[in-house]
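All remarks here apply to the structure that follows.
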Amino acid sequence: MSPRVVFPNRMLPYLLLAPQLAITLVFFYWPASQALYQSVLREDPFGLASRYVGLDNFRRVLADPNYINSIEVTAIFSVATAALAMSTALLLAVMADKVIRGRGIYRTLMIWPYAVAPAIAGMLWLFMFNPTMGTFAYMLRATGYNWDPLLNGPQAMTLVIAAAAWKQISYNFLFFVAGLQAIPKTLIEAAAIDGAGETKRFWTIVFPLLAPTTFFLLVVNTVYAFFDTFGIIHAVTGGGPGKSTETLVYKVYNDGFVNLLFGSSAAQSVILMVIVIAMTAVQFRYVEKKVHYG
Amino acid sequence: MATVELKHVRKVYSGGVEAVKGVSIDIADGALCVLVGPSGCGKSTLLRMIAGLEAISAGDIAIDGKVVNAIGPAERDIAMVFQNYALYPHMKVYDNMAYGLRNRGMAKDEIDKRVQSAAATLELTQLLQRRPRELSGGQRQRVAMGRAIVRDPKVFLFDEPLSNLDAKLRGQMRVEIKRLQRSLGVTSVYVTHDQLEAMTLADQLVVMNNGVVEQIGAPLDVYEKPASTFVASFIGAPPMNLLPLTRAANGHALKDGQVLASTAFDGSAAALLGFRPEDAVVGADGHSFALDFHVLAVEPVGAESYLHGEAAGSQLIVRVAGRTDVKPGDRMPVSVADARLHAFDAAGKRIERSPAGVIVRAAAVQAAPA
C-alpha cells in the first residue's frame with residue numbers, strides 16, 4: 001500500500017470536497033429523501049392536505065396492472081437498446097480498426113451523434129419515421145408495409161429503441177475502439193501464426209480481451225436505457241400508443257407531473273431506485289469478477 | 001525440418017521507405033541463423049516477412065524449397081516467439097500452448113501428449129494451470145517457447161526473445177535456447193540487436209545495416225575478418241579501433257603525420273587501419289606496428305581493464321588483462337602484431353591483405369635494417 005498523504009490543514013480536505021458534496025446533497029440526497037418521504041403520504045384530491053398511509057402506496061403500485069406492464073416495457077426496451085447499441089458499436093469499431101486511410105475522420109464522424117441532445121435525437125427519428133410526413137415512413141409504406149407507430153405498439157417500441165440505441169452507439173464505439181487499440185497487435189499476430197482465422201481470432205482472442213470494456217458498457221448502457229432515454233420517449237411517443245412505450249421512468253413522470261399522483265409517483269421512484277441499486281450490485285458482484293485480466 | 005532461402009527480398013512501405021533493400025540469405029536445414037544489427041536496420045521486418053506478417057514487396061522467400069510469398073502465416077508451418085511473448089492473457093498456460101494445435105484440429109489426447117512433453121522439457125509442468133500474469137518474466141518466456149515447440153514446425157522464428165529479461169536470466173536462457181534448438185534440430189531464424197547474443201548463438205551470423213546485409217558467415221569468421229567498418233565496430237565489444245589514413249609520397253600517413261610502409265595490401269585504396277582492443281599490447285618490440293598511446297581514462301571491469309586514450313590523432317581503446325596500474329595521463333607505447341591489422345577502403349569495405357605483406361611504420365623499417 002502506498003503511504004497515506006496527509007493534509008497539513010485538517011479543514012482543507014473538507015473544503016475541497018465541499019462543492020461536490022453540496023451538489024450531491026442538493027440534487028441527489030434531498031430529492032431522494034423527499035421521494036422517500038412522499039412515498040408514504042397521500043394527498044387529498046385538491047392538494048390541500050396529505051396524510052400518512054404507510055406502505056399503502058407501494059401496495060397499490062405493485063398491484064397495478066399498468067405498473068406491471070411498465071416493468072415489462074422497461075425490460076424489453078433496456079435489453080433491446082443495450083444489445084442493439086453495443087453490438088452495432090462493436091461491429092463499427094472492429095470495422096474502423098481496419099480502416100487505414102481516413103481513420104481519424106471516420107472516428108470523428110462516428111462520435112457526433114453523442115453530442116445530440118436526447119430530445120433532439122427523438123425529434124430527428126420522429127420526423128424521419130412519422131407516418132404522415134417522415135421520409136423513411138413514406139419509403140416503408142411504399143414497399144407495402146403498414147408502418148404506423150402512432151397506433152401500432154410494437155412499431156412504436158421499435159422506433160424508440162432505434163432512436164435510443166442510435167444515440168448511444170457513438171459512446172460505445174469510442175470505448176470499443178479504445179479497447180481494441182489496447183489489445184497488443186502481437187497477440188493477433190501470434191493467433192494468426194497459431195492458425196486461427198479472422199472470425200476465430202475475434203471470438204477467441206479479441207472478444208474475451210474486450211470483456212472489461214464490454215462489462216463497463218453493459219452497466220453504462222443499462223443505466224442509460226433506464227434513465228437517460230426519458231427525453232427520447234417523451235419526444236417520440238410520449239409513452240404511447242396505449243401504454244406500450246411507457247417505461248418506469250416515464251411512468252414516474254407521467255403519474256407525478258401529469259396526473260399529479262405524488263404519493264404513487266414517489267413510491268415508483270423509490271422502487272426504481274431499489275431496482276437500479278440491486279442491478280448494479282449484481283453486475284459488480286457476479287460479472288465483474290470474471291472479466292479482469294492482468 | 002527445412003531450409004529457408006531468401007532471394008533479393010525487398011520491403012518498400014507505402015510511404016516510399018525502403019526497409020529491406022534486396023537481401024539474399026540461404027539458411028541450411030537445422031541451422032540457427034542470427035540476424036543482428038542496430039535498431040531500424042530491417043532485421044525485424046525481414047523476420048516478419050518470413051513469418052508472413054508483412055507482405056513481400058519484391059523477391060522470393062522459400063521454406064523447404066517452396067516459395068511462400070503468397071501463403072498466409074498459418075500455412076507456412078512456422079512458429080514465432082515474440083519479444084513481448086504475446087501470451088494470451090485470458091488463457092491458462094496449458095491453453096496458451098494448446099491453442100495452435102486446437103486450431104489445427106488435432107485430437108485431444110495428442111494435444112495433451114505434446115503439451116505435457118513440452119512442459120516437461122521447459123520445466124513448466126507445475127505452472128500449466130496458471131495464467132500468464134501469475135508468471136515471472138522468465139517463466140513467460142518459457143511458455144512462449146513452449147507454444148512454439150508443441151507445434152513441431154518447420155522453422156522457429158525468434159524476435160528478440162530475451163531483451164525483456166534481466167542480464168542474468170538472459171545469459172541462462174541464451175544457453176537454454178541454444179541447447180533446445182540443437183536437440184530439436186529445427187531450422188531457426190533469430191533476430192537480436194545484442195552482438196554478444198548473436199555471437200554466442202549463431203551457426204550463421206547475418207550482420208545487417210540500413211536494410212542491406214553487410215556480412216554473412218560463421219560468428220568467429222565475421223569477428224576475425226569483418227567485411228566492413230560497420231561490422232568491425234558493431235561486432236565485438238568494445239568495438240574495433242579505426243585509424244584514418246591519408247595518401248603520402250611513400251605509402252600512407254596516419255593523422256599525426258607518421259608514414260606507414262606497407263606491402264600487405266594494394267596501398268592506394270586503404271583509407272582506414274583497424275585493430276581490436278585485445279590485439280593491442282602495451283610496450284614496443286621495435287618492429288611491430290606501434291603507437292604512442294596517451295591514456296585518458298581507465299575502466300577496470302575485473303577480469304580485464306579497458307584503457308581509453310588517444311594515439312595518432314584518434315580515440316582508441318586498448319584492453320589489458322586483469323587489473324592495471326595505468327592511470328589517466330600516462331603515456332606508453334602500444335604495439336599490434338602485424339597479422340592483427342585490418343585495412344578498409346574509403347567506402348568502408350575490407351581490403352584483403354596479401355599473405356606475405358607487412359604493415360609497419362616507416363620509421364620502424366629504418367630502425368631495423370638487419
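A Cβ is built for glycine as well, from the same backbone N, Cα and C atoms used for every other residue.
Just so it is clear, the model here is predicted, and its values are computed rather than measured.
If you look up TrEMBL, you'll see A:71-283 marked as domain 'ABC transmembrane type-1'.
Residues 273 of the same chain lie 6 or more positions beyond the ends of the transmembrane segment (A:12-32) yet place their CB under 8 Å from a CB of it. What TrEMBL lists as transmembrane segment is A:12-32 (among others).
Beyond its flanks by at least six residues, the transmembrane segment (A:75-96) meets 103, 106-107, 110, 157, 160-162, 164-166, 168-173, 175-177, 179-180, 202, 206, 210, 214, 217-218, 221-222, 224-226, 229, 245, 247 of its own chain at Cβ-Cβ distances under 8 Å. Residues annotated as transmembrane segment in TrEMBL: A:75-96 (among others).
The annotation transmembrane segment is assigned in TrEMBL to A:108-129 (among others). Here the transmembrane segment (A:108-129) has long-range neighbours at 92, 96, 135-137, 140, 147, 149, 159-160, 162-163, 166-171, 173-174, 228-236, meaning same-chain residues at least 6 beyond its ends whose C-beta is under 8 angstroms from one of its own.
Look at TrEMBL and you will find A:156-181 (among others) tagged as transmembrane segment.
Residues or ranges marked as transmembrane segment by TrEMBL: A:202-227 (among others).
Packing against the transmembrane segment (A:260-282) from elsewhere in the chain are residues 32, 34-43, 47, 50, 53, 57-58, 60-62, 67, 219, 222-223, 226-227, 248-249, 251-253: each is 6 or more residues past its ends and has a CB under 8 Å from a CB in it. Sequence annotations record features per position, and here TrEMBL assigns transmembrane segment to A:260-282 (among others).
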Item to check | Intrachain residues whose Cβ lies under 8 Å of the transmembrane segment (A:202-227), provided they are six or more past its termini | outcome: 74, 77-78, 81-82, 85-86, 89-90, 94, 164, 168, 171-172, 175-176, 178-180, 183, 187-188, 191, 196, 247-249, 272, 276, 279-280, 283-284, 287-288, 290-293
